[in-house]
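Worksheet for the structure shown next.
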Amino acid sequence: MGRAKKVVLAYSGGVDTSVCIPYLKHEWGVESVVTLAVDLGQGAELEAIQAKALRAGAEQSLVREAVQTLIADYAFPAIQANALYEQRYPLSTALARPLIAQLLVEVAEEVGADAVAHGCTGKGNDQVRFDLAIAALNPKLKVLAPAREWGMTREETIAYGERYGIPMPVQKSSPYSIDLNILGRSVEAGILEDADQEPPEEVYALTRSIAQTPDEPAYVEIAFEEGIPVELDGQRLGPRALFERLNALAGSHGVGRIDMIEDRLVGIKSREIYECPALTVLIQAHRELESLTLTREVLHYKYGIETTYSQLVYNGLWYSPLREALDAFIRTTQKSVTGVVRMRLHKGQAVCVGRRSPYSLYNAELATYGEGDQFDHRAAEGFIYIWGLPTRTWAQVHRGSGA
């Protein structure tokens with residue numbers, strides 16, 4: 001008996017997911033494989049990917065467009081949360097996985113499949129993200145992961161695919177593993193596995209090297225409404241258009257390159273290269289607007305929430321009660337995060353040079369050291385006395401007694 005009768009496979013057209021089709025049928029006895037390719041703005045030729053899946057033996061090859069959903073339902077909440085895993089990675093790949101899982105489950109229910117499958121190996125984070133998301137959305141569905149079990153080397157995997165007439169896209173001159181969507185691009189493997197080696201320029205595609213960026217900076221004004229970016233330079237844009245324009249502008253100035261050692265959920269450290277031009281600028285601009293509009297107590301408490309939120313998303317717990325609860329808190333904080341932030345993009349740096357909001361808590365008359373100062377300096381002495389009372393009491397007990 002096969003492991004499942006009908007399987008919906010998350011399909012990218014790459015080596016692993018292409019080989020999964022004949023492997024599921026010939027090695028695991030699956031009767032029917034339906035592939036699902038999701039358009040997340042990666043720029044792939046989806047019609048060619050559909051045709052490739054059918055040639056590889058899929059009964060049906062489907063495509064779902066989900067760029068707007070990825071940005072509006074996943075990236076925008078992450079921007080409101082200032083989500084940066086280990087303070088650096090803006091979760092461009094991690095945010096896409098629960099959406100793909102949701103579409104997998106929807107298609108499986110539509111076509112009457114009893115299982116879904118993905119091409120993740122047993123070493124990465126994506127296997128956890130897919131498996132947990134699917135379990136949360138439909139625990140009755142089986143989850144198959146052939147690449148996690150087949151035990152083939154890369155060369156053996158390619159040879160297996162060629163045996164079934166599948167054209168292999170990987171060339172020996174391009175050893176990198178790449179993931180791309182409209183939120184960003186991630187690269188690993190090859191020379192990048194040596195943590196002491198500078199990444200060659202060929203690794204990058206969305207951002208220019210500093211040497212190739214313009215000598216003159218670019219300025220962009222980003223308008224937010226309740227923490228959501230809605231305008232660039234006074235022009236209201238939809239989510240996709242906003243990301244496309246800002247990716248191009250920031251990337252041309254070298255903004256958004258990340259070279260980091262990150263801690264994977266499975267317990268290993270991994271060297272990753274990310275390019276996230278728009279996300280990098282938007283999170284930084286959003287933080288600047290929050291500093292203007294949120295109270296000190298909310299701002300400081302939210303810092304801890306942001307770390308937890310980033311870890312949840314990275315660790316595959318998007319569909320969890322805690323993530324939903326954190327989103328509810330964050331949405332409440334965003335009611336006054338409306339305004340405009342002016343960013344300067346230059347030589348790989350995105351720097352805030354101005355911010356304004358109708359809900360600004362910044363009062364120049366209280367902050368100034370010049371004429372018009374309305375701060376009551378006489379109140380400082382009493383404030384310091386009360387604020388320091390616990391410290392003085394402790395000192396009298398411990399210092400005064402000679403302890």
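Numbering starts at 1 and runs along the chain as it is shown here.
Note that Cβ sites are derived from N, Cα and C of the backbone, with glycine treated the same way.
According to Swiss-Prot, the ATP binding site annotation covers A10, Y11, S12, G13, G14, V15, D16, T17, S18, G119, on the basis of sequence analysis. The L-citrulline binding site feature in Swiss-Prot is assigned to Y89, N125, R129, S177, S186, E262, Y274; the stated evidence is sequence analysis. Per Swiss-Prot, L-aspartate binding site is recorded for T121, N125, D126.
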Listed binding-site residues Y89, S177, S186, E262, Y274, filtered to Cα within 10 Å of D16 (ATP binding site): none
Winner by Cβ contact number (other Cβ atoms within 10 Å) across the binding-site residues Y89, Y274: Y274
C-alpha spacing of T121 (L-aspartate binding site) relative to Y274 (L-citrulline binding site), in angstrom: 20
Cβ-Cβ neighbours of S12 (ATP binding site) (radius 10 Å): 21
Residues close to L-aspartate site centre defined by T121, N125, D126, Cβ within 8 Å: C120, K123, G124, Q127, V128, R129
Integer Å distance between the CA atoms belonging to S177 (L-citrulline binding site) and G14 (ATP binding site): 10
Farthest-apart CA atoms of Y89, N125, R129, S177, S186, E262, Y274, residues recorded for L-citrulline, distance in Å: 19
For R129 (L-citrulline binding site), the number of other Cβ atoms found within 10 Å of its own Cβ: 27
